[in-house]
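Everything on this sheet refers to the single structure shown next.
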């Protein structure tokens, strides 16, 4: 065994060294140099400084401008809510613990931080699944003529929360557990031990299959079909240029959001899977800490992509920031509205 299992923690270092201490009570500077903990704190502070304003601004701008309250935008707002949850209840805790060099808030604080981080990440993932399915239904039209309405959007949002809770809640009630990971400054599900009291193995398999592989496969399938349909429609010139442009813009935005999520979370999922299937193998604290902390950057990807690629939202945001005046002077009426993209008619291939 190349690690040390204790009460609600696992340290990736053998206790034969005599250095291992509880991550809830002592600084973990034997795992990494103090400057590395400070660097993680600086990184978390950076994410807090960008993540909270940009996600909060997304919520405020959508609330202030009625024209943005379109069904598709409700899902995007749900992504901003997920990002805000991660910033407020996850990043602040991790910033504080990284400064101290250990998880100073104890097992209860670890469970709360792990739950919030998992919940926010899962809401983001399942929101992207809903967006992918919406794009597939609207563009590929497997159900014929279909309009994505507010009722569909709210049902999709409810679905994302149910799926997210079904992943994040079990470790709170005894199916697996949340423990410090990497450099012991942030918490996640227990991939590290086979503790029979918590049935870790069955939970990790459930999480990987139902809450990563299945949603990612769904996203790839829907976008594979979507790309084929859009290419076929463009080749046949079945739709007007403006309609095709609107579909391409919305689809490109959602695809970039998906890619952003995968870039942020795939390294973490891959390392967690390696640890799970190679229990007892030696690995450094940084081996898990780097992808774990990098995955947190997903909270700022989606709103940045949304602002950059959605001209209507960008104009509304500038109007809000500059007290009713857009310094760029862009005409919002020139922007293709979200509602138009929802009712467009791209014939199936």
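Glycine residues also receive a Cβ, built from the backbone N, Cα and C atoms like all the rest.
Worth saying up front: this structure is predicted, and the values here are computed from it rather than measured.
Taken from Swiss-Prot as is:
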type	residues	note
TOPO_DOM	1-36	topological domain 'Extracellular'
CARBOHYD	2	N-linked glycosylation site
CARBOHYD	15	N-linked glycosylation site
TRANSMEM	37-61	transmembrane segment
TOPO_DOM	62-73	topological domain 'Cytoplasmic'
TRANSMEM	74-99	transmembrane segment
TOPO_DOM	100-113	topological domain 'Extracellular'
DISULFID	110-187	disulfide bond
TRANSMEM	114-133	transmembrane segment
TOPO_DOM	134-152	topological domain 'Cytoplasmic'
TRANSMEM	153-176	transmembrane segment
TOPO_DOM	177-202	topological domain 'Extracellular'
CARBOHYD	200	N-linked glycosylation site
TRANSMEM	203-230	transmembrane segment
TOPO_DOM	231-252	topological domain 'Cytoplasmic'
TRANSMEM	253-276	transmembrane segment
TOPO_DOM	277-284	topological domain 'Extracellular'
TRANSMEM	285-309	transmembrane segment
MOD_RES	296	N6-(retinylidene)lysine
TOPO_DOM	310-349	topological domain 'Cytoplasmic'
REGION	329-349	region 'Disordered'
Next item on the list: List the Cα distance (Å, whole number) between residue 110 (disulfide bond) and residue 2 (N-linked glycosylation site).
Entry: 23
Notebook entry, point to check: Per the 3+ Cβ pairs under 8 Å rule, pairs at least 6 apart in sequence, do the transmembrane segment (74-99) and the transmembrane segment (153-176) touch?
Noted result: yes
Notebook entry, point to check: Which of the listed disulfide-bonded residues (110, 187) has the least company, meaning the fewest other Cβ atoms within 10 Å of its Cβ?
Noted result: 110
Item checked: Cα separation, residue 187 (disulfide bond) to residue 200 (N-linked glycosylation site) (Å, whole number) -> 15
Check: Which range out of 37-61, 153-176, 203-230 gives the transmembrane segment (253-276) the most CB pairs under 8 Å?
Finding: 203-230
Check: Among all the protein chains here, how many other CB atoms are within 10 A of the CB of residue 2 (N-linked glycosylation site)?
Finding: 12
Check: How many helix, strand and coil residues does the topological domain 'Extracellular' (100-113) contain under DSSP?
Finding: 9 helix, 0 strand, 5 coil
Notebook entry, point to check: Just the number: how many Å between the Cα atoms of residue 187 (disulfide bond) and residue 15 (N-linked glycosylation site)?
Noted result: 21
Note to self: With Cβ-Cβ distances below 8 Å as the criterion, list the same-chain residues six or more beyond the ends of the transmembrane segment (203-230) that contact it, or say none.
What the structure shows: 122, 125-126, 128-129, 132-133, 135-136, 139-140, 163, 166-167, 170-171, 175-176, 189-191, 244, 247-248, 251, 255, 258, 262, 269, 272-273, 276, 346-349
Next item on the list: Count up the helix, strand and coil residues in the topological domain 'Cytoplasmic' (134-152) according to DSSP, in that order.
Entry: 10 helix, 0 strand, 9 coil
Next item on the list: Take the topological domain 'Cytoplasmic' (231-252) and average the pLDDT across it for me.
Entry: 67
Next item on the list: Within 10 Å of the Cβ of residue 296 (N6-(retinylidene)lysine), how many other Cβ atoms can you find? Include all protein chains, please.
Entry: 24
Notebook entry, point to check: If you count the other Cβ atoms within 10 Å of each Cβ, which of the glycosylation sites 15, 200 comes out on top?
Noted result: 200
Check: For the topological domain 'Extracellular' (177-202), what are the DSSP-based totals of helix, strand and coil residues?
Finding: 3 helix, 8 strand, 15 coil
